[in-house]
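Per Swiss-Prot, domain 'tr-type G' is recorded for 10-278. What Swiss-Prot lists as GTP binding site is 19-26, 87-91, 141-144, and the listing cites sequence analysis.
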Amino acid sequence: MSQEILDQVRRRRTFAIISHPDAGKTTLTEKLLLFSGAIQSAGTVKGKKTGKFATSDWMDIEKQRGISVASSVMQFDYKDHTVNLLDTPGHQDFSEDTYRVLTAVDSALMVIDAAKGVEAQTIKLLNVCRLRDTPIVTFMNKYDREVRDSLELLDEVEDILQIRCAPVTWPIGMGKNFKGVYHILNDEIYLFEAGGERLPHEFGIIKGINNPELEQRFPLEIQQLRDEIELVQAASNEFNLDEFLAGELTPVFFGSAINNFGIQEILNSLIDWAPAPKPRDATMRMVGPDEPKFSGFIFKIQANMDPKHRDRIAFLRVCSGKFERGMKMKHLRINREIAASSVVTFMSHNRELAEEAYAGDIIGIPNHGNIQIGDSFSEGEQLAFTGIPFFAPELFRSVRIKNPLKIKQLQKGLQQLGEEGAVQVFKPMSGADLILGAVGVLQFEVVTSRLANEYGVEAVFDSASIWSARWVSCDDKKKLAEFEKANAGNLAIDAGGNLAYLAPNRVNLGLTQERWPDIVFHETREHSVKL
């Protein structure tokens, strides 16, 4: 292992932001970039009237609706560290894409709307993080508005999300009376002033909770703050780094992302406490981040990041070694060597050629159709990284087009969108219509919009009488052939060439499983594994 690789790995922090829709996640992403100096001015999320859009929301449908649908990747430097920030889709229909992004990070920042508390999508996403014991930092947002009681919010996080809370800052008031926060570990009070353009050095600081200046500044609030802090210190958990790294305890910060308040404390905590890249599971062995040889896996494919170029980019998480532009690397699933000369790094949809990258970094490989989600790359060693699943879709539509002459464009568009993971595409073994599967209705809207904008195809989706899908496999090829013959009307091939059973209802699926005990019905499948 070289000292250079070890030093670079220690400098890396790779994290995702997770939240329920409208908790302020995209605003927070903007402000983190602003505070790090990566951008000069924050775009206004949902800025339909001003025409300003968030830096991380770039697809047409996102600009129209003010939601993050695709996951953006942004790299920036802060305090001598390289930070890779993955902005995940906040809309609940995109849990599958979000899950895949969470396989590529080492920690997560959870944003909670303090007026609403823990919401459904937050629960789902935290459960995904828990599968990998991902360390979580929590930000209670929107204290410039009327919000719920802060102690109640902590109790709710502990009860519902089953993770212990350690408050690091504590709010002084809320809404019109929001005065700032007290930093418990530093014994400092940061004074709040409204306004979205302020940078960290522009907020006032008072040292010490017993400083006489506090009585003069806010005589009504200071005694309440002291009482609350006494209560919090008696009733809450102290911050413990080992428990945080094990995913058992979350440090909690309070603030207002839209006013840039509380942002620097979060950034500092991610640099000081969040883990550097960790070893990764592959089928043959664990792969350490400081190993000399390059390796990585694809967790996302995005079509048409630049509609002018009709391109597709495969997002690769570097797991070990050092990537250098022009190096030879092996695409292991198809056993093909590629020269990595046009690999890029990201600042949302602004791209630059990547000269080098280390474990934790995200690089983009131009994809002409050969790369799939879950594929592994190395300098030659046969590694297959694990833990990137497809989920059985819950909603289904059949697809037809208004102009039959555009069938080729439809097929190409759906194949690309299917590989990207925006939607699952099934080709029934009998019947001409393609079937789309998704985990939420918005995915169909996104596909309709992207087929029209990027492929010039007007598609019509009709409801399909399918309740659920299961991938099927059997070691006995003869029995599998019998099963295929007997159930041809319910079988389809997915974009990865895997056989799937499309069940019209729960009873049908149960009966079919009983009749065919040798056939295995899978609710998930690994991306890189053909059943």
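Using N, Cα and C of the backbone, Cβ positions are placed for all residues, glycine too.
Taking the features listed in Swiss-Prot, we show where each one sits on the structure.
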residue	record	Cβ within 10 Å
S19	GTP binding site	24
D22	GTP binding site	17
K25	GTP binding site	29
T88	GTP binding site	26
Y143	GTP binding site	27
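Here the domain 'tr-type G' (10-278) returns a mean pLDDT of 84 for the predicted model.
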